[in-house]
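Remarks on the structure that follows.
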Amino acid sequence: MTFKTMLLGVIAGTVIVASGHAMADTADKRIAFSNNYAGNSWRQAMLESWEKVAGAAAKNGTVAAADAFTTSENQATEQAAQIQNMILQGYDAIVIDAASPTAINGAIREACDAGIIVVSFDGIVTEPCAWRIAVDFKQMGRDQIKYLEKRYPDGGNLLEIRGLAGVFVDDEISAGIHEGVEGTKFKIVGSVHGDWAQDVAQKAVAGILPSLPEIAGVVTQGGDGYGAAQAFAAANRPTPTIIMGNRQDELKWWSEQNAKNGYETTSLSIAPGVSTLAFWVAQQILDGADVAKDLTVPILRVDQGDLEKMLKSTPEGSVANVEYSLDDAKNLIKSTK
Amino acid sequence: MNRDHLRILLPVLSLAILLAAVFYLQPRAMSYFGLNLLFNLAVPVALATIAQMMILMVNDIDLSIGTFVSFCACVTATFVQSDPVIGYAILLAAILVYAGMGAVIHARGLPAIVVTLGMSFFWSGLAILILPSPGGAAPDWLRAMMKAKPPFLPVAIIAPILIGLIMHYFVKRSSLGVLLRGVGGNAQAIERSGWSVLGLKAIAYGIAGLFGVLAGMALVGLTTSADANIALRYTLLSIAGVILGGGEFTGGRVSPIGAVIGALTLTLAASFLSFLHLSSDWQIGAQGAILILVLAVRLVFTRREALA
C-alpha cells in the first residue's frame, strides 16, 4: 500500500464520517410502534398520524423503518409477547402505547437489557428504564379554571362533568379542576358523571339542572360538551361557557353558536398526533440526544382564533389533531432538561 | 402406534411446522435468547391450560380461569411479596374455594359453565379489591426463578417439558389420575365401584386451582408486577390449548403433554403472525384460521381411526 492510497483512504473515510453526520445518525435505525388498541376514533387518528409522519421519515431515510403493530385484543399479556417479538426482530427502539402501566414491565425490561430504547406515551409504563411521555391531566383541569377566571373575574357557579367513575384519568382531571377552583371566586355547585360520551353527559346534566342555580361555566373532560349544551338548550336555560374537548361535534356546535350570537369558549384535549411526538423523541434518543426520562405531552388547545381552521381539518366524528415535527420534539426535550 | 400416540402426533407436528416457519422468518429466534423470548410467556399459559384440562377431564368447563389467574397474580404481587404468610394463606384458601366449587357443582348437579362464569366475576372483583390500580411487585425469588439462565436450555423450554411430563405421569399412570379420567368418562361406573365422585371432583377442581395459582405466580415472575385484568385472555386460550393438544370436550379424553404443546402452539401462532407483518385487523381471524386448520386435520385423522 503506497502512501497515496493510504491518504486517499483517509480522505474517503473522513468524507463518509462527515456526510454521515450531515444526514442523520439514525438512518440505519429501526423503530417499532407497539399499540394496544385501535377501536376508537382517537386511536385511529393516532395510527394515521404515525403512518403519515413516521412512514415519511422511513421513506426519506431519516430512519430505516417505522413499523406499527397493534395487538388484536387490548390485553397486557398479548402486548408483552408482541414486545418480545420486536426484540427478536432486532428493532433499535420501541414506541409503546401500553395496555397496562405495570403488566408489561417484564417485557420492557427484556428490551432494555437487549439495548433497545423504549419510549412510552399516553398509556405509559412504570419500568424505570423506559422513557415516558405522559399527559398532565391535572394541568388540563387547572387550565379550564384559568380560562374561566379570565372570562368571569367575579366568579360564579360551575357545573362539573366528570368522566367514567373509578378511572385514573377522571380522578386526575377532576383533582386539577378542584385545585384550580381553590382560592378563586368560583364555586362548583354540581357534579355529574358523563362517561366521556355526549349522550350520557346530556342525560346526566338534564337530570341535575332543575336543582341548580344559574351556571356561569361548565368544566368538562372532553366528549361531553356537546351533550351538556343540548341539555341546557332543552331546559330553556341560558347557555353557560362550556369548555369543550376538541371533538368535531363540539367544535361544530361552538362555531355555529359563535356565528349566531358570538358565543365564545375554549377547547382542550390531547392530540392523537402525540404518537408522532413519541416517534421523534425515540429518534432523538437514538441520535444520541440527552433526554429526560419523564416528558409531558403538550395540550392541544383550540381558541376562538383558530376554531374555523381546526374545524375544517377535523373529519366528522373525529378529534382535532396535529402532527408534531422533529423541532417540536427538540423543543420539548430542551424545555424539560 | 396406538391411539394415544396418534393423538399426540398432530399437536407435535403443528408445533414443529410453526416453529420451522418462525425460524425461517426470524433466524434470530433460533438461539437460547430467542427461544426464551419466544416461549417465556407461554409458561403461565401452559399452567393455565393444565388447570383447564383438569376441569375438562371431569367433563366440566371452567370459564373463570382467566380471572382466577389474574386474582392469583394480584395476590402474588401484593401479599406474597410483602406478608408471605398471609399471601400463601390466601392462595391456599383460593385453592380450597376451587375444590369446594367442584364439590358444589357435583352435589347440586349444577352446570359448571354457569357456576364458573359466576365465579369469574367473584375473582375479578376480589382482584380489583386487592389491587385497585395496576402495580405491586414480584417477590425476588420468583423473579430470579423466571429470569434464571440455566445452561443449555432456557427456563421457557425446561418449564413446559417438566409440567408436561409430571402431569403425564399423574394423569396417565397414577391410580388417582385413572379415577379422575373415569369420572369424566363414566361417572356412574366410578360411583358404583364404591368411589366418591364428589371427592374426586373436588380433587380435580383443587388441582386446577393449584395450577391456576402457579400460572398467576409465573406470570407475575415474568411481568414483575400485576394488573387486575392481566390474564383475562387465558380463559379462552386455555380451552383452545387443551383442544388443540388433542383433548376433547367429552370428559376423560385429555393429554397433558398435548395440552402443554397446545399452549405453546397458540403462543407461537401469535408470534408467527406478527413476524409476517400481518395487519392487526386480520390477526384474530388468522389465529382462528390456524386453530380451525389444525382441528380440521384432526377430524380427518379421527374419522380414519373410527373407520379402521
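Along the chain as shown, residues are numbered 1 onward.
Using the three backbone atoms N, Cα and C, a Cβ is placed for every residue, glycine included.
According to TrEMBL, the feature transmembrane segment maps to B:7-25, B:37-56, B:63-80, B:86-105, B:112-131, B:151-171, B:202-224, B:230-250, B:257-278, B:284-301.
Residues 55, 60-68, 70-71, 73-75, 77-79, 101, 104-105, 226-229, 235 of the same chain lie 6 or more positions beyond the ends of the transmembrane segment (B:112-131) yet place their CB under 8 Å from a CB of it. By the count of Cβ pairs under 8 Å, the stretch nearest in packing to the transmembrane segment (B:202-224) among B:37-56, B:230-250, B:257-278 is B:37-56. The list of residues near the transmembrane segment (B:257-278) in space but at least 6 beyond its ends in sequence, with Cβ under 8 angstroms from a Cβ of it, reads 7-8, 11-12, 14-15, 18-19, 21-22, 25-26, 38-39, 41-42, 45-46, 48-50, 52-53, 160, 163-165, 167-168, 237-238, 240-247, 286-287, 290-291, 294. If one looks beyond the transmembrane segment (B:230-250) by at least 6 residues along the same chain, the residues whose Cβ comes under 8 Å of a Cβ in the stretch are 7-8, 10-11, 14, 44-46, 48-49, 51-53, 56-57, 59, 61-67, 69-70, 73-74, 120, 184, 215-216, 219, 223, 257-263, 265-266, 291, 294-295, 298. Packing against the transmembrane segment (B:63-80) from elsewhere in the chain are residues 44, 48, 51-52, 55, 86-88, 90-91, 94, 98, 113, 116-117, 119-124, 126-127, 130-131, 135-139, 142, 208-209, 212-213, 215-217, 219-220, 223, 225-236, 238: each is 6 or more residues past its ends and has a CB under 8 Å from a CB in it.
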